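Please read the structure below before turning to the comments.
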């Protein structure tokens, strides 16, 4: 036993501790790789090429990079900064923003946990391909790959009858599923994958920080091999021309390419699942969070853009052309198109082993990042911290493995597709919209009420939220132009009313905003919460030579990222009512993902209900002291900086601290 412990400590040393006793990564590289491991997954190698193929041409990268800079990176900076500053997972971090935002943090955890329960069965399908890749010739050579995937790999049973709609849009008949049996091989590989995932995280960041060098580094090497093989295939150049040597200006006029690009970058980065905040909580509070976020975001895009050359080489080799009208999807690319090419090329078993092993490692890093979110939530609580981490991780893994068996059945593919579709289309977009809204509206809102009064602030804030929903609803009932006009008109009217209801602030707004009383009122209701969050975060993470969050960050999140997310969220509902409403499994997926809505609403209305997942000594952090224009650090201490007006606060500028923790408890 002593020898076993020595070996365990050698392979997985105890994580070093911070001043607060929390585990910490040994170095910055470990955090960046773990965060990249969550972001860089199957979507980079499979989903991205299929999205680009369906919208082929270099013009795709115009909406892609707009989405990266105006949606993905601002939210990524938010999630990493909150985890770093408040040293906690999503629930604790969002509670520290505002006690009424705990539901947002819990919804983030929900998103990540739901995904990992179906992500592991997906990796089980990959392992079924992997285990068959050691045969020569490959067992699927010469077969219809669609049938091979559905009948051998997934082994699902078709429904006895397919549902349909009446002419008026109501359901005429529901789909009737008859296959309910558990698939032994799929379940076995899923349990194996759960065990490997558990091995990666049960000891905490001390072990994960070492494992990540292999699980993140090796796939990058294997991807280079796949790129070399894909680009050297006969006619590979034809596929690469579709990717990097074609320009279609007319495609930019279609909303489809914009929707696809924004959806891809959003899913690819992986905000809204909680692992960025969870991993960041194991960093030093004075880490260079902004620089780390940019490194992670740009690295994620670089990996998928470069890795896509492998898939487009295969597309050229197989002679697939977008003009045929046949679209590619993630499953089609990974489980049908690529395996078909592998079976036809020389050295098929070797490259098949490399391909599916690469997919497994990419998926594994995402899986243990997602599992870490739930583990961190429990370990952050008073009751969870009394249990050894290995025990918490073991219990979470066992429960998760049992839940995931739903997707290892004869209807598993349909169940996975249903939950995946609506977690991504509904729960994820709604939760991240709430993140953008709460960070720029809830944070230190009592300061705003102190200066301009609650009526003016609430009228503006509620009007801004309602205007987005109203504009989208009208757009679906008429035209997008009319919807946008109605939304802007409602927002303008609510803003006008709020300015007359608001008091003139005793502390004028900074710079030109303070020139008139109406401009000053507008700045307080429209920009103060986000501006103050920027300043307060920079007090902790913007020290020394660290990069500070730019002053325009919060405005982009509130007035660009948020409305874009609301528009993309709205696309999910016509999809359900027009194509999925007659399928009981799709109804299940659609319903379960809406649990985030009551969770967030309850958190806003009844914040004490969620205090059982907040450490007692940190409950007071959820209510910031009223201190207009003063900066406050992560422990609710006022930091008086003198005469600065707004924007980021340079490191070393603090002059005086005043402890105000515990002013009021919920």
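Cβ from N, Cα, C; glycine included.
TrEMBL lists 655-666 with the feature compositional bias 'Basic and acidic residues'. Per TrEMBL, region 'Disordered' is recorded for 645-666. The transmembrane segment annotation in TrEMBL covers 31-49, 61-82, 103-127, 186-205, 212-237, 257-282, 294-320, 350-378, 457-476, 482-502, 551-573, 585-605 (among others).
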**Prompt:** Does the chain bring the transmembrane segment (61-82) near the transmembrane segment (257-282), so that three or more CB pairs sit under 8 Å (pairs 6 or more apart in sequence)?
**Reply:** yes
**Asked** Are there at least 3 C-beta pairs under 8 angstroms linking the transmembrane segment (350-378) and the transmembrane segment (257-282), leaving out pairs fewer than 6 apart in sequence?
**Response** yes
**Request:** Count, for each of 31-49, 212-237, 350-378, 457-476, 551-573, the Cβ pairs lying under 8 Å from the transmembrane segment (186-205), and report the range with the highest count.
**Result:** 350-378
**Complete:** In the same chain, residues at least 6 away from the ends of the transmembrane segment (482-502) whose Cβ sits under 8 Å of its Cβ atoms read 452-453, 455-457, 459-460, 462-464, 466-468, 470-476, 518, 521-522, 524-526
**Prompt:** Between the transmembrane segment (457-476) and the transmembrane segment (31-49), do 3 or more CB pairs sit under 8 angstroms, pairs being 6 or more residues apart?
**Reply:** no
**Complete:** Same-chain residues at least 6 beyond the ends of the transmembrane segment (457-476) with a Cβ under 8 Å from one of its Cβ atoms are 437, 441, 445, 448-449, 482-488, 490-491, 493-495, 497-499, 501-502, 524-526, 562-563, 566-567, 570, 574
**Request:** State, in range form, which of 212-237, 350-378, 585-605 has the highest count of Cβ pairs under 8 Å to the transmembrane segment (103-127).
**Result:** 350-378
**Message:** Within the same chain, where does the transmembrane segment (350-378) have neighbours whose Cβ lies under 8 angstroms from its own Cβ atoms, ignoring anything closer than 6 residues to its ends? I mean 6 or more beyond.
**Reply:** 34-35, 37-38, 40-42, 44-46, 88-91, 108-109, 112-113, 115-116, 119-120, 122-123, 126-127, 129-130, 133-134, 138, 193, 196-198, 200-201, 208, 211-212, 215-216, 218-219, 222-223, 225-226, 229, 270, 273-275, 278-279, 281, 334, 338-339, 342-343, 384, 387, 389, 392-393, 396-397, 400, 613
